Amino acid sequence: MVRSTFVNLVLYQLFALITIYLFVYIHEEVPEPYMDEYFHFHQAANYCSGNYTHWDPSITTPPGLYMITHLLEMMLNSIQILDKTFGACSLGLARFTNVIFMLALPFVFMKYLEKIKKEDEQTSILPALCMCCHPLIYFFTFLYYTDVGSLFFAMVSLTTHVYHYRFLSAMFSIIALTFRQTNIIIVAYEIGLTIIEEFRSKNKQSHILHVYTSRSSDTIEIKEYFIVLWKYGRLEIKLILNLIQSIIWTCRYNLCVIILFVLFFIKNNYSMTLGHQEHHQIVLHLAQMHYYATYTAFFVGAHIVSNQ
């Protein structure tokens with residue numbers, strides 16, 4: 001166990017060192033805002049300067065990332081190391097926000113894997129690091145985009161949910177939604193997990209009709225058959241109603257998040273995005289499904305053919 005702990009520690013330190021090195025290298029090579037970083041960084045700069053009323057209409061996502069960057073700046077300033085490191089409201093500080101998320105993400109994945117796969121802490125560090133190194137997410141670690149922070153809070157929400165910290169999960173879901181509106185899918189997924197969990201627990205109490213009517217038709221009258229069917233049928237209906245009530249109560253925090261999101265959607269002119277709504281309409285995009293299927297098949301192919 002000591003050896004496994006040492007290996008895990010070495011693996012994480014290697015991951016952290018490579019991440020920090022790449023952050024420094026990329027920031028030196030790309031010292032100016034790159035593509036959409038221009039909009040995100042200048043919005044964060046307004047927050048850091050105390051201008052909370054300014055909003056760039058070109059930005060489509062909520063201001064969660066900018067608020068976190070502002071909090072990080074205030075924290076570094078309070079311990080008087082801001083000027084010695086990044087400087088006030090710099091692009092380096094903004095990008096480093098995502099590095100912090102990435103360095104914390106393996107521990108979130110570890111806790112999640114321990115719960116759903118029953119893995120102990122000694123064996124879950126490597127798959128956790130592999131997931132963090134996924135090209136699509138790791139690339140954005142070094143730029144000031146919302147992807148990494150969005151994934152971090154979505155995974156924290158999902159992890160706290162599987163550990164049955166329902167209220168905390170809902171709070172982290174709200175934070176995740178301030179990064180990306182599409183994280184509402186995570187909330188719906190958590191509700192789906194709860195429904196399955198409640199159904200499995202209630203199913204043990206179910207009165208299976210064929211057990212009570214297992215005698216052949218030669219030994220039971222039609223009248224008796226319908227009496228038995230009616231009696232236990234009512235019990236099944238009662239069980240279903242109790243199941244629905246239990247699901248609603250267990251999912252109450254997630255349902256509140258869903259309701260808040262629906263109110264936002266209505267208030268926001270029935271649009272998911274904040275800015276450039278004319279360019280972000282909700283439509284059925286069949287080609288996108290093929291892109292997603294191909295992408296998913298490529299990256300999960302090894303897992304599908306494995307013995308696990």
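The backbone N, Cα and C atoms fix where each Cβ goes, glycine too.
Nobody curates TrEMBL annotations by hand; they come from automatic prediction.
According to TrEMBL, the transmembrane segment annotation covers 7-26 (among others).
Annotation comment: TrEMBL describes 93-113 (among others) as transmembrane segment.
If you look up TrEMBL, you'll see 125-145 (among others) marked as transmembrane segment.
What TrEMBL records for 165-196 (among others) is transmembrane segment. For the transmembrane segment (165-196), the residues of the chain that approach it from at least six positions outside its boundaries are 61-65, 67, 146-147, 149-150, 153-154, 156-158, 247, 250-258, 260-261, 272-273, judged by C-beta separation under 8 angstroms.
Residues or ranges marked as transmembrane segment in TrEMBL: 239-266 (among others). Same-chain residues lying 6+ beyond the ends of the transmembrane segment (239-266) with a Cβ under 8 Å from its Cβ atoms: 166-167, 169-170, 173-174, 177, 181, 184, 187-188, 190-191, 194-195, 198-199, 202, 205-207, 272.
The transmembrane segment annotation in TrEMBL covers 286-305 (among others).
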Exercise for review: Give residue numbers and ranges for long-range contacts of the transmembrane segment (286-305): same chain, 6 or more residues beyond its ends, CB-CB under 8 A.
Suggested key: 134
